[in-house]
Structures are given as C-alpha cells and as structure tokens.
Amino acid sequence: MNCFVFITVVIFASLHQVSTTLSDTFPLRTCHATSCSSNKVCIHNSNGRFCVCPLGKVGSECEFDDPCLNRGYCGDGYCISSDMGVPECICKPGYQGQYCTEDINECKHNPCPSNQRCYNTIGSFLCIRRRSHMVHPHPRNGTNYSQTFFFSVGLMCLFLCIIISLLTVCAKLNLVRSSRINDKVTPQVVTIA
C-alpha cells in the first residue's frame with residue numbers, strides 16, 4: 001500500500017468514526033404529528049420526547065420568524081432571539097452599541113502605566129513605552145503579541161513533528177516491502193563460454 005494512501009485512509013477512518021460517534025450520541029427520531037402543537041416539531045431521543053420550533057422560527061408557539069437566522073446583523077457580536085422574536089446583540093469585548101459596531105475607546109480611562117502611552121486599536125488597545133517604543137499590550141484586554149507568536153511557532157513545530165513521524169513510518173514500510181521483494185528474487189547465474 002502506498003504511504004500516502006495509508007495516511008489518507010487513516011484520516012478518513014478518523015472522520016468516519018467522529019461522524020458515527022456524533023450520530024450515536026444524538027439519535028433523533030420524529031414523534032407522531034399529534035404530540036405537539038401545529039407549529040412545533042416533535043423530536044424523540046434517549047431523553048424522551050421534545051416539542052421544538054423548526055429552524056427559522058421562535059416564540060412559545062413558534063409564531064415568529066427568527067431574526068438571528070443566518071447570524072442576524074450584530075457586527076462584532078452575537079445575535080440571540082427572545083421568545084417574542086426580538087433580536088438582541090451581545091457584543092464581544094471592546095465593542096458596544098445596539099449592533100456592536102462601535103469600538104470602545106479603552107484609552108479614555110488611562111489603562112496604561114504612567115511611563116506608557118495608550119493607543120486605541122479596533123476592539124482593544126496597546127500600551128507603548130514613551131522612550132523606547134517597545135510594544136507592551138495591557139495584560140487584561142490588549143493583545144499579547146509575544147504569546148501569540150510563541151503559540152504559533154509551537155503549533156508549527158508540532159505539525160512538522162507529526163509530518164516527519166508519518167514520513168518516517170512510511171519510509172520504514174517501504175524498506176520492509178522492498179526487502180521482501182528482494183528476498184523473493186533468486187539470482188540467476190549465467191555462464192559465458
């Protein structure tokens with residue numbers, strides 16, 4: 001078996017196992033149509049029967065269209081629907097406003113030490129020393145570039161180690177296979193007169 005075919009088979013087998021596990025974990029069967037009110041759908045699983053709204057509907061009787069379907073419009077936030085079908089945006093840190101589109105100016109409250117100057121960025125801020133121009137993000141909200149860099153390098157090293165290990169296994173498999181083929185070939189002696 002070719003080494004790359006072997007790796008592909010392992011990857012697809014893993015994906016199949018995950019999808020099988022998910023379908024086993026969440027087995028859904030529909031119930032009788034009379035189990036729920038006219039707008040709801042009945043779902044039956046190992047925990048019992050449940051009446052739920054179909055996709056795109058909200059409300060106690062599923063009477064409202066879901067305003068958060070397809071993520072709604074919440075800029076840098078998350079849309080949630082009330083039982084009355086009213087959307088509400090929950091903003092990510094660093095954003096505010098009804099639709100989470102306004103950047104909060106964290107520098108307005110002077111979050112940096114006195115020897116550093118605050119620079120507002122989109123969704124965050126940076127503290128920069130006044131004399132040396134070295135970037136020192138605030139540990140609470142600012143981006144820590146050194147941690148991000150080392151995390152990225154670590155992930156890259158892990159990925160390379162996995163690839164090298166797989167290639168080593170493939171090379172060993174090819175050596176074993178080629179040595180078996182060489183053992184089966186018998187040398188022929190030809191006499192020249």
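Placed from the backbone N, Cα and C atoms, the Cβ positions cover glycine too.
As the structure is a computational prediction, the values presented were derived from the model and not from experiment.
Sequence annotations record features per position, and here TrEMBL assigns signal peptide to 1-23.
Across the domain 'EGF-like' (58-101), mean pLDDT in this model comes to 80. What TrEMBL records for 58-101 is domain 'EGF-like'.
In sequence order, Cys74, Gly75, Asp76, Gly77, Cys89, Ile90, Cys91, Lys92 are the residues of the chain that are 6 or more apart from Cys100 (disulfide bond) and have a CB within less than 8 Å of its CB. According to TrEMBL, the disulfide bond annotation covers Cys91-Cys100.
As annotated by TrEMBL, transmembrane segment applies to 149-171.
Taking H, G and I as helix, E and B as strand and the rest as coil, DSSP gives the domain 'EGF-like' (58-101) the counts 3 helix, 15 strand, 26 coil.
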